[in-house]
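Take a look at the structure set out below.
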């Protein structure tokens, strides 16, 4: 038996060499005959071990084959030392490969369910307020005064938050810890409803879809990802050749979204085809923020020009359909602007400046800076501090590097309240989409807070 085993282990891998002489041919026939017969019970054969993967030693010694992790393997692995024919090697070589981790194939595993996304377990006064305001009876709200909900779950800085426009009890937050948290803000039991971990690096931005219950996110892994919150699965991946820093849905067409990244590339994507329909090309620094005009025909982009010491191109107004800049000399001061926002009704937009103020511009040609109004008092200090308008457009709220939320009257630019929220920088603020007296904020230390 030992001689037979030695013959198996020393047999040539090339079948053609067996035909060179008669002795070798007879030996091959004898071995084939032995392989076809079931071994007698008097022999103590060791049955081949059933493994999920072939032996690394066996396959690493075979020229032309990759490591076992590159394959979907047969049900039973070959026994170590057994002769492997050319046909079997061909079958192994043509095995289906596992998709590359960096491909655009959406993940099929669902994210863990932490809690419910339903509004059935909310306090009565919240449910009543949500339904009342959604019915079109919203009133001008007072400025927030107190913390009502604290949300803790991220382990690193939070870059962005966004309320769901259709499910207004849900809030999304994107963090440097590679995760997106979906919060059922007023749920009596578990406020953390979903934790999405589909990104392979820090997440820079998150936006709720205008229809349905999905979120669009982007980050340092060079992708934008659409995730179904109800099912907890990724439905589409949009891969780019740059870190993607910001995404924004088109206000009139929920199938279109704009992305901007670290290489200065701006792209308009179509969810239906999964492809770029427009690209806005200009020699820009990293894109910091974008926002669409109310009519959806123009958008503004803010890019980092600190490396060139030239303020041109820091803020550009673009024509969406023609893919051309309408103006590239809007802001001539040598500061970057980490946030830009159109006013919800008036023909103006604002830009958060690293000069520790918010500038205001006309959104009609020639897009002039208002030299007599600016919103001052808060600090930016290099943080990606964002600002947002209230539902009625009468107030402007901004985060600050000192951990406070600053509230300004839009018309007069007067500071009306400073609300201390965190010890670390307050990065983003978001007014609730239906309840005007509610605002959410997030911090550089990973906390999310809701004030009323």
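Here the Cβ of each residue, glycine as well, is placed from N, Cα and C on the backbone.
What TrEMBL says about this protein:
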type: REGION; residues: 1-52; note: region 'Disordered'
type: COMPBIAS; residues: 21-31; note: compositional bias 'Polar residues'
type: REGION; residues: 97-116; note: region 'Disordered'
type: COMPBIAS; residues: 101-116; note: compositional bias 'Polar residues'
type: REPEAT; residues: 151-185; note: repeat 'WD'
type: REPEAT; residues: 237-279; note: repeat 'WD'
Long-range Cβ neighbours of the repeat 'WD' (151-185) (under 8 Å; 6 or more residues past either end): 115-119, 121-122, 126, 130, 134, 191-197, 199-208, 210-213, 215, 217, 219, 227, 229, 384, 386, 427-428, 430-435, 440-450
Confidence summary for the repeat 'WD' (237-279), mean pLDDT rounded: 96
DSSP-assigned states of the repeat 'WD' (151-185) in counts, ordered helix, strand, coil: 0 helix, 19 strand, 16 coil
